[in-house]
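Beneath this line is the structure, given in structure tokens, with notes to follow.
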There are 2 protein chains.
Amino acid sequence: MKALQLEPWRIVQSEPDFENNRIYESIMSLGNCHMGIRGNFEESFSGDSLKGTYLAGVYYPDSTKVGWWKNGYPEYYARIINSPDFIGIGLNADGIDIDMNIQRPLSFERALDMKEGSLERNVVLEYKKGKRLHIRTFRFLSMHDKECGCVVCEATPLDDDSVITMSPFLSSNVRNEDSNWGESFWTTISCQTGASDGHICSMTRKSGFGNCVAMACKAYLEGEEIPPSDFSSHGAEQTSGTVSIPISLLCPKGSTLRIVKFFCSVTTRDHPFETLADLSLEKASSLRAEGFESMYRLHRDAWASLWAMCDVEIKGDKRLQSAARYCIFNMLQTYTGHDSRLNIGPKGFTGEKYGGGTYWDTEAFCFPFYLMSFGRSSKTLLKYRHNQLDKARGNARKLGLQGALYPMVTVDGDECHNEWEITFEEIHRNAAMAHAIYLYEKHIGDFEYIAKIGIDVLVETARFWASRASWSSFRKKYVILGVTGPNEYENNVSNNWYTNYMASWNMEYAARSLALLEKQDAQRYESALSRLGMSGGEIDTWLRISSNMYLPFWEELGVFEQQDGYRDKVLEEASAIPSAELPISRSWSWDRILRSCFIKQADVLQAFYMLPENFSRETMKRNFDFYEPKTVHESSLSALAHSIVASRVCDFEKALSLFEHSVTLDLENRNRDTADGLHITSMAGAYLCICLGFAGIRIEHGKLSMSPHVPRGWDGYSFSMIFKENRMRIAVEKSLVTVYWDSYETIIIRVFESEHEILPGENVINATTLHAV
Amino acid sequence: MKALQLEPWRIVQSEPDFENNRIYESIMSLGNCHMGIRGNFEESFSGDSLKGTYLAGVYYPDSTKVGWWKNGYPEYYARIINSPDFIGIGLNADGIDIDMNIQRPLSFERALDMKEGSLERNVVLEYKKGKRLHIRTFRFLSMHDKECGCVVCEATPLDDDSVITMSPFLSSNVRNEDSNWGESFWTTISCQTGASDGHICSMTRKSGFGNCVAMACKAYLEGEEIPPSDFSSHGAEQTSGTVSIPISLLCPKGSTLRIVKFFCSVTTRDHPFETLADLSLEKASSLRAEGFESMYRLHRDAWASLWAMCDVEIKGDKRLQSAARYCIFNMLQTYTGHDSRLNIGPKGFTGEKYGGGTYWDTEAFCFPFYLMSFGRSSKTLLKYRHNQLDKARGNARKLGLQGALYPMVTVDGDECHNEWEITFEEIHRNAAMAHAIYLYEKHIGDFEYIAKIGIDVLVETARFWASRASWSSFRKKYVILGVTGPNEYENNVSNNWYTNYMASWNMEYAARSLALLEKQDAQRYESALSRLGMSGGEIDTWLRISSNMYLPFWEELGVFEQQDGYRDKVLEEASAIPSAELPISRSWSWDRILRSCFIKQADVLQAFYMLPENFSRETMKRNFDFYEPKTVHESSLSALAHSIVASRVCDFEKALSLFEHSVTLDLENRNRDTADGLHITSMAGAYLCICLGFAGIRIEHGKLSMSPHVPRGWDGYSFSMIFKENRMRIAVEKSLVTVYWDSYETIIIRVFESEHEILPGENVINATTLHAV
């Protein structure tokens, strides 16, 4: 976006560019894992805008919309919804409502501070001939007390004395733009205003979530606090669904009127409904009593702790430094694992699209980031799926199958998606659930989670595969018919290599885990068998199917065949597509996309990202060289997976360009849909491409190895990760790797072919690292 | 349906069975090709009912409803809509509104007369303790003047004198149950009532079709006409969208009050809007002046002419005789070719489902019936598609392809369907357009239609196939990827044998037709080339693709393979499916259906139905024996195609049982969806199974042959057909074929292996016909 400057810790918009306002609103979103807001303006704005305030886990069961109903489609689409608005502050000067769409700014800056998690705006506008007003707003959602936040609004008349009115307000008159049937999701239960505070309690229809949002305000003129009794001649206002506290004062030229609005939004997910009103008012009032400085310090400290764990540094490329931090910043705004009822939606708190539901994106891409950054506490993501196991069992039953099938999209465990080719057929997602458990065991080096409850998910996903595969008397192999692989530009194909491979792996891994459990703890093993109702030959069946799974291979080219019949296609390279036709998802009809050879995102290559230990570099390279040029990367999840595999096959130029693509996806609106919200789940790539890709980190059999290279144009990079419960910070430069090991133990790291002893504290390894060629 | 008696010329319902009322309403529908009405009661009925009055060609562009939008989906779904109601007559006795759902009948009969095209109902009910009323209604839609119809209503108090009020009314307050967004489709423009007449003019929203419906009434007490001045104390009534003429009289016990309501419904499809009101009123009034008898005689005569052309007789099986006539009756109610802007919807005028649009059903199944029954005038169906050629070109362009792709569903040439697997992929429909032209040429023995305009459709469909096929360097053959064949229980498959075969045939037939045209008339040929913008090598390209088309063949079994990968499936017989799970479309999830081997309707076998001359009996038999047992016949189009092929492979038991299935589909509610309307397009089977199947009629190279057999349990059958412009009636008995040949020419018919000379008039051929074994 041309109006954006990417600074190491800030994203700055320096022009209004209101035509693209929705894009900037997405980019300037704030969140604290409990709630989030798009970068909407506090005051009225009659230009294009997508208003968005979201509360984690508060959803509405929107009636499903389909063209033609198919058996097994879900009854409802659970949707994280636009929630009562707490940032609003109406602004009026000399009787004129301020609206930047009408009084176009003379100067404009909107800046996101990633270090401190705040958004600041500075605007000068002429609201009346010769009368300029300087407006500054500043806001944050507390990372310390996640139910709270604060907005500061300042106005300074620059040319004359002026009567300024600021009206901090709350509103439950909110709607989703993308509701299926134009329904309103909230019912206002009660509104109340005091001299300087107010609240609104509302409840979602159908799903019955209660919310109460409260505010408590302070006002200052030239730093002097104004008592509430002086706020306004006509006092607080209240209409259905809106409460407002107008504060009106004559401000001498050059003086600043400052409002600090402390707010709190609580829900019945955490408290009984009858306590919400008092609770939210009390919290807002006590923040007002403690003051802005104290509240902001705690928030900033919380961010500092997160950055200490998760920051990546890129030396020598400020733009990519900023973009990479921006990605990690958004991951942390969306989810930090404090609540195992929550997960990560593709748009986080930045838009309505995809309904805020959870996809396999979490296990495939987000989980590895949280696992390596947060260690053991990433287990909340595994528990989320374990908690939903019963619903996944029901989901498999609906399709006439055994075991458990995790939903394609969910908020509460129920399937929400309703395209048959995805809902019923994109079943590879099931293996991602098992794979996350596998990664956890491998990285933390701890079998306990599996032994305790993880085994249930492994067994039920293996069971699903065993009932879903069928015997082909023609091939004398087990086949999996009628699936959609990760590449959604193919639908209802048979023997998708990735799906068959991962199914086979999943069954084998479940069998292996059961064997290990039996060896470690016979009693627990017996108890698992009985809890899961396992029959005598079941494990043997899995192993038989797993080892006799058909895996299409194209002998002539020596590559895995993406699915049966891929070789029948006209094989072309994506670079041959005229750029006017890109993305093909927007310009080609669906059948044309399906019958072309073009690939949306990693499919065969996805397995090399997930299980690199199972493939030689030569195999990966042959397949990468065949499939990557046919890939249009039209899923946000494509570039990061390809960048990592590119590093693994030493295609460093491609690894860098795909990394760049991935981390700047939203900042440059590459998919032309950032207006709808950010691509949160793919933002894990900023970390993973560096750690797993450029640094080549691997953990196998409890041993850490790396094969670092420094991308062309960079001086180096550093990142942090958990290994065996302790934190390690690794800095890679052209011929030097520095490892800071925060532990009392000594360990071994293999760098390329040589092993190095790592002592607690700082270690310097001289290595001829690989440079981009 | 248990309450139904099937008589040779009547379908009689002898019990109310109101729980299934929608089913009987469908079965008792009347139509005259211009308009149609479901078997709704004339008076109020508070029980379950689907009200339905339809006007041919009057549609509403209902906004498309989809779950997920795909490029190329149509903006609207053109829907033949519920139209202003003209049959209504309110009924009241002694102040009590008659409603059979409240005053349950003591006796009840509703009878459809197929010979005369009328519906009669006789009911006795007790409307008040000890007071019985006999009600008789009788109605028809004139086959002579298709804009008109008549309802007679008679009421006789059986126990006492009674004040009877009858209120004939018109209403434009009608709605479709299945509208996508609950929209109302009609706007009432004007209403007017006179002493004994009235009318309503309305207009459809968006599509702007105007309609005016008028009525003119007569009343009689004991046969004595009552002047309009005596009709009612309070005169005609008019509210928004309803006009009514209450006729209220004191009727002595045993006397009959009779109302005759003449009505007329005209539209802007045929007349300017400003003339509609006068026109409809004039027509209704002049019918009233001429009287019921005269009107009914013309109607009955029109039906008699139709039956003379189209009746089939079955000797020795009254039930199947009735059912077969019922099917032909409904074909004739729906379409007789008087208007080339019209076509045949799957439900005709009997329900809302499928929106009244035209499918490939017309060319594949209805056209052969009209061709053989009506001869040359069946050409209106070919012209319908020719008229829509430009829109079909646009449709191909939307998919990035050349030539023309006819829509899956249409009213006005625009595609209406929006499931990608059907809309974009069920492209075999295109070959059906060419095939209908081929049949016309073959049966009428006339190349003139092709030479004049048919060639355009042949060229544009061939072009489509040439651009849709692609070269597989792997197979060294042309392939057609990503299609749905006639068997819709497979989606997005590659190299569907039927599609590839028909595509190849279509290209070859277009090339052959062009060659013939060049030979016959070089100037017309040149003009066609130039009109169609044909390039030099285009015909050669078609022939190259046609002759190098990949046609999957399963060597081991010697059968054509339905599509790539069919052999990978678990092969089971449909008889193994537990009956509680039938139809599988209602109990299995879609993915389970897709990956099973079960077949919805003829796919490979469809080609043997369409082009029997291209396959040996042995080939057909091997494929029939393989595929038929895997077929669940869950499309209404399945049984008839299979019955005909079964006859061709001499499986006479199956041919009969599938014929029975086909002709009783709705009368026995076999698909459990007759409530939604009748399966009109499959009703052609009643004729085709007898003519093409049991009698084995074939026309090849201008020569007629037959291989007749008489199904087990039958004494014989007869039917009529056009051959070389003249009509022939053929009666088949066990060892005798009688041919009545209405011509001045002598011709040859081949019966099995021997040739017989057929003279004008009656001819008797002794033949050892084949009996069911």
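Heads up, the Cβ atoms here are built off N, Cα and C, so glycines get one too.
Any TrEMBL annotation is an automated prediction that lacks curation.
In TrEMBL this protein carries:
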type	residues	note
DOMAIN	B:15-269	domain 'Glycoside hydrolase family 65 N-terminal'
DOMAIN	B:325-687	domain 'Glycoside hydrolase family 65 central catalytic'
BINDING	B:TRP360, B:ASP361, B:LYS600, B:GLN601	substrate binding site
ACT_SITE	B:GLU488	active site, proton donor
DOMAIN	B:698-756	domain 'Glycoside hydrolase family 65 C-terminal'
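Per-class residue totals from DSSP over the domain 'Glycoside hydrolase family 65 C-terminal' (B:698-756), listed helix then strand then coil: 0 helix, 40 strand, 19 coil. In sequence order, B:TYR359, B:ALA364, B:PRO486, B:GLU488, B:SER635, B:LEU637, B:SER638 are the same-chain residues whose CB sits within 8 A of the CB centroid of B:TRP360, B:ASP361, B:LYS600, B:GLN601, the residues recorded for substrate being left out. Listed in sequence order, the binding-site residues near the residue listed as 'active site, proton donor' (C-alpha within 10 Å of its C-alpha) are B:LYS600, B:GLN601, out of B:TRP360, B:ASP361, B:LYS600, B:GLN601.
For the substrate site, whose annotated binding residues are B:TRP360, B:ASP361, B:LYS600, B:GLN601, the maximal Cα to Cα separation is 16 Å. The residue listed as 'active site, proton donor' counts 20 other C-beta atoms within 10 Å of its own C-beta, drawing on all protein chains shown.
The DSSP secondary structure for B:LYS600 (substrate binding site) is coil. According to its DSSP assignment, B:ASP361 (substrate binding site) is helical. If you draw a 10 Å sphere around the CB of B:LYS600 (substrate binding site), it holds 22 other CB atoms from the protein chains shown. Note: B:TRP360 (substrate binding site) has non-local neighbours B:TYR406, B:MET408, B:HIS428, B:ARG429, B:ALA432, B:MET433, i.e. same-chain residues 6+ apart with C-beta under 8 A of its own C-beta. B:ASP361 (substrate binding site) counts 24 other C-beta atoms within 10 Å of its own C-beta, drawing on all protein chains shown.
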